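Listed features, source TrEMBL:
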type: DOMAIN; residues: 81-267; note: domain 'FAD-binding PCMH-type'
type: BINDING; residues: 189, 199, 200, 201, 202, 203, 212, 257, 275; note: FAD binding site
type: BINDING; residues: 554, 585, 699, 866; note: Mo-molybdopterin binding site
type: BINDING; residues: 589, 667, 701; note: substrate binding site
type: ACT_SITE; residues: 1048; note: active site, proton acceptor
Ligand SMILES: Cc1cc2nc3c(=O)[nH]c(=O)nc-3n(C[C@H](O)[C@H](O)[C@H](O)COP(=O)(O)OP(=O)(O)OC[C@H]3O[C@@H](n4cnc5c(N)ncnc54)[C@H](O)[C@@H]3O)c2cc1C
């Protein structure tokens, strides 16, 4: 075979020119193999490995051609590779493997390494010997037997899936009922990538209490062939005794699992699998089950096996039910959820009221970087080619929530080969402070949350830096009280000073005029930003204190200022550049600085480039989330649901530093009336000081919390009165001329317009009747339908922050480079700005480019946030372009038929400046935060959503059936981007309200540290039918090119999904006779939905006194 590399093939190159398969001196193949065969392997790999040159990061790594060409040679030999910490052995015969198992009973025998890999990376486990059993023929075969299908232990789940499917297709249906359910379960087992490598033996032997295959195998009565060197082979049935403890099986330490027989079902046997998790795809089970029933000829149950996972430390059999629960059951419980083909529609209308010249404003234009991003060519910080002397940084963080630091011993870490330095507060030449009510750069004496940054290790690779960071020994002295939750903060009066209070109307008179009053509580938990690209920084020192910083941040200017402050340098020495981010959602507004500033401190100290790219778990524990909120309310209203008085206490969990928490609380206060008029209102808002990572900005920024609370109160009133929530909402809507409590026109008619459009497009009334009918006919599946309005104010609340700058250059070839203060995080800002520049200059978009955002081109820019960036930067660019137009006017007049390029060439020859700045400041806004009176917003963005959702009352599962989303985005600058924002925001909001679950222990440890246990919405969570409508003919004179800000408002559309779930639960409660009034907090996870259905089964669960036990996790 010839190599595709031709003459460049590594075989033809001299030492070191080959593309590498391993690098350094520490990885080697040793001569003292365990068997003769191991020594043979040296002849295959040894000389080549040791003759290879180190890996050069400047070269694109490729799959080694030698491995492609000589794969048979490599596959046919035992391989043993000794690294400094791990010896990896890959035997090729069963006998060798048994010998190894005898010799090293504690060694791990891996196939896919998907369990062991997690244990070593995240659980600090170390296994000095790992044996890979992927190449042992007896473990990889598959054969049909009389009893069923026999599969070798190392068969991957994808192979198993294919083999089972083939038998399901060809064998009689009755024989393959177990196979079919295993296939169905595999669909939901991890991801395709995991299934491609993970094995059946890995799943069985791990014996996880939430393994997805084990309940099926036990219920099916599968058998396992186990083998040891000394005692040979034996067969074990996977029954009640097979899983004998937490992660323990009946196999002896010297035994390996050779194969498994999955039996055929018999004609009178029926089999079912079940998996319950937050999200359907790629999620680990909360509870799962395998169920087999054998019927007699007269259809009486004569065998029942119910095997459950997730109910205890090991798999359990529901033995008493198996013995006694033989009889009839209500089959409606077994009906699957509704399923239909995915449908979607986007109606953007021909609504544009602007004049068109060469313009492309208002047109559907793909995101400018769509091609680069979808083909992997887009460059993010960590894609940048490192310089020769670049080093990597890993953070050293606190493992205590609140403690004094006694000693820090970094000697072991510094002794690790490749480690360059340990960086701490002592190395900060300027102020050890991140300013702006944030924390120190490195904490010195005290830590106030787990994840608090104490120091950093710099090494020649990220891997070594991370490993060494874990070796820093820190002695602490615990402090108390540890305050984690809002309730803890209330108990210990742990609040940041400066609570916000507002009062409007006459509360007492309002309550006196109310026929009814209700008190209640509602809470909304946090949400992780979970952007695709974690926070990343490269800091490159230059001459005389200069520093160039590439950072994944929504706020380059903030990073610049904080680095300058920490280094004790003026800001003009620091340049921060952001080409793009892989998502931000507010998480990179202030908190990029948490790792960017230490990175710059290290670069400054070492005088060499330093790169810090947070691993997902580092990102999740060192940065904050969306603020959890708790609201305590008293509401007064009349029999039609009209609210007369509302008294509210709002608590937000701010974390260990204030950061933006008061701004978030203020936004919540300003959104607390949602779209409803409440004459008499009092709000007290407090920010709780707690020992968790400081919570921060997140798309919606208090607005979603305020609106959620407002809508929950509307629902509470409706439930109390026994009338449809829809009617209560309508009774309270602002009218056309109504003012908000702070004195701004509330846009009542715009809300109505969206609402009516949504009622119409969703066919609300007909579907309401259908949903009610469905609920009357079904006991264990219920449907819910809800419509909710949206009104979201557009502006930063600090009025000075509503300013933006731009710089536009025209080059002599006529091409235009636009720079502005906004950053691109996938939201399409640069695309919209280019459209607006194109419209203003009256040239095609193809002549215009935006390359990056940088502090040396547009200074003092504010964060790209608050849904204002299209307005601020679009209009700043417009101003700059208009300046240039003015300068070009004489040339155009002189050369009326000249094309753009000729005009520019002529202008250059005439000595006309072809570069201009632009600046825009939102006029006429400002609010007094003490009185909460004024005009805080430039305008509102409006919308409405109607969502239908189905729940399974027994499992708490739910499915979005249909959602109709209506948004008034004014005259859209780019409907394609706006629709993308609407669909994305709805889905993110849905994740917040019904799916995502941050798990924190009572002592403040974050358990959710990655995609393995923190689940954001996936494909299966998309509504079966999702329709988006942009309101036509709705120009907004206060927005850029008559548009409205769209980044955050559509997040609120997801409230319709949450209240649809509540509607469905209400229907279930009606059947069981439970009160229609009940509390449902956010997120409403399956366990909450299940228990809220309050039927005879859920009532059997005893109420446990919360003070009587220490929970695993707490609601923040
Ligand atoms: C992202 C992700 C998602 C996941 N999702 C799921 C899921 O949805 N459902 C689920 O059940 N699991 C899930 N898992 C867990 C894991 O993938 C499965 O348990 C998988 O089947 C393990 O197979 P493996 O070959 O990778 O095991 P390995 O990691 O290679 O080995 C696991 C254990 O099995 C032992 N072992 C392997 N083969 C033998 C043998 N022949 N004889 C004796 N001992 C042996 C090993 O020594 C080790 O202790 C997930 C894991 C990850 C990383």
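Positions of Cβ are set from backbone N, Cα and C atoms, glycine also.
Feature map: annotations from TrEMBL on the structure.
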residue : record                        : DSSP (3 states)
189     : FAD binding site              : coil
200     : FAD binding site              : helix
275     : FAD binding site              : strand
585     : Mo-molybdopterin binding site : coil
667     : substrate binding site        : helix
699     : Mo-molybdopterin binding site : coil
866     : Mo-molybdopterin binding site : coil
1048    : active site, proton acceptor  : coil
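Residues 189, 199, 200, 201, 202, 203, 212, 257, 275, recorded as binding FAD, reach a greatest CA to CA spacing of 25 Å. Cα to Cα, residue 701 (substrate binding site) and residue 200 (FAD binding site) are separated by 45 Å. A distance of 10 Å separates the Cα atom of residue 667 (substrate binding site) from that of residue 866 (Mo-molybdopterin binding site). Across the domain 'FAD-binding PCMH-type' (81-267), the model assigns an average pLDDT of 94. Distance between Cα atoms for residue 202 (FAD binding site) and residue 585 (Mo-molybdopterin binding site): 38 Å, as a whole number. Among the recorded positions 189, 202, 212, 275, 554, 1048, residues whose Cβ is positioned under 6 Å from ligand 1 are identified as 189, 202, 212.
Measuring Cα to Cα from residue 554 (Mo-molybdopterin binding site), the recorded positions that fall within 10 Å are 589, out of 189, 200, 212, 275, 589, 1048. Straight-line distance linking the Cα atoms of residue 699 (Mo-molybdopterin binding site) and residue 1048 (active site, proton acceptor), rounded to a whole number, equals 6 Å. Taking the centre of the Cβ atoms of 589, 667, 701 as the substrate site, the nearby residues of that chain (Cβ within 8 Å, site residues left out) are 586, 660, 663, 664, 697, 698, 700, 702, 703, 865, 866.
Looking at residue 589 (substrate binding site) and residue 866 (Mo-molybdopterin binding site), their Cα atoms lie 11 Å from each other. Fewest Cβ neighbours within 10 Å among the binding-site residues 189, 585, 701: that distinction goes to 189.
Just so you know, the Cβ of residue 866 (Mo-molybdopterin binding site) picks up 28 other Cβ atoms within 10 Å once every protein chain is counted. Looking only at other Cβ atoms within 10 Å, the busiest spot among the recorded positions 212, 1048 turns out to be 1048.
When the Cα atoms are compared, residue 866 (Mo-molybdopterin binding site) and residue 200 (FAD binding site) turn out to be 49 Å apart. Other than the site residues 554, 585, 699, 866, same-chain residues with C-beta atoms no more than 8 angstroms from the centre of those residues' C-beta atoms, the Mo-molybdopterin site, are 584, 586, 587, 589, 697, 698, 701, 825, 863, 864, 865, 1047, 1048. Listed in sequence order, 185, 188, 212, 285, 288 are the same-chain residues six or more apart from residue 275 (FAD binding site) with CB atoms under 8 A from its CB. Around residue 200 (FAD binding site), the same-chain residues at least 6 positions away in sequence with a Cβ under 8 Å from its Cβ are 151, 153, 155, 157, 160, 213, 260.
Site extent for substrate: among the recorded binding residues 589, 667, 701, the largest C-alpha separation is 16 Å. For residue 667 (substrate binding site), the number of other Cβ atoms no farther than 10 Å from its own Cβ, over all displayed protein chains, is 26. Here residue 189 (FAD binding site) is positioned 30 angstrom away from residue 585 (Mo-molybdopterin binding site), judged by their C-alpha atoms.
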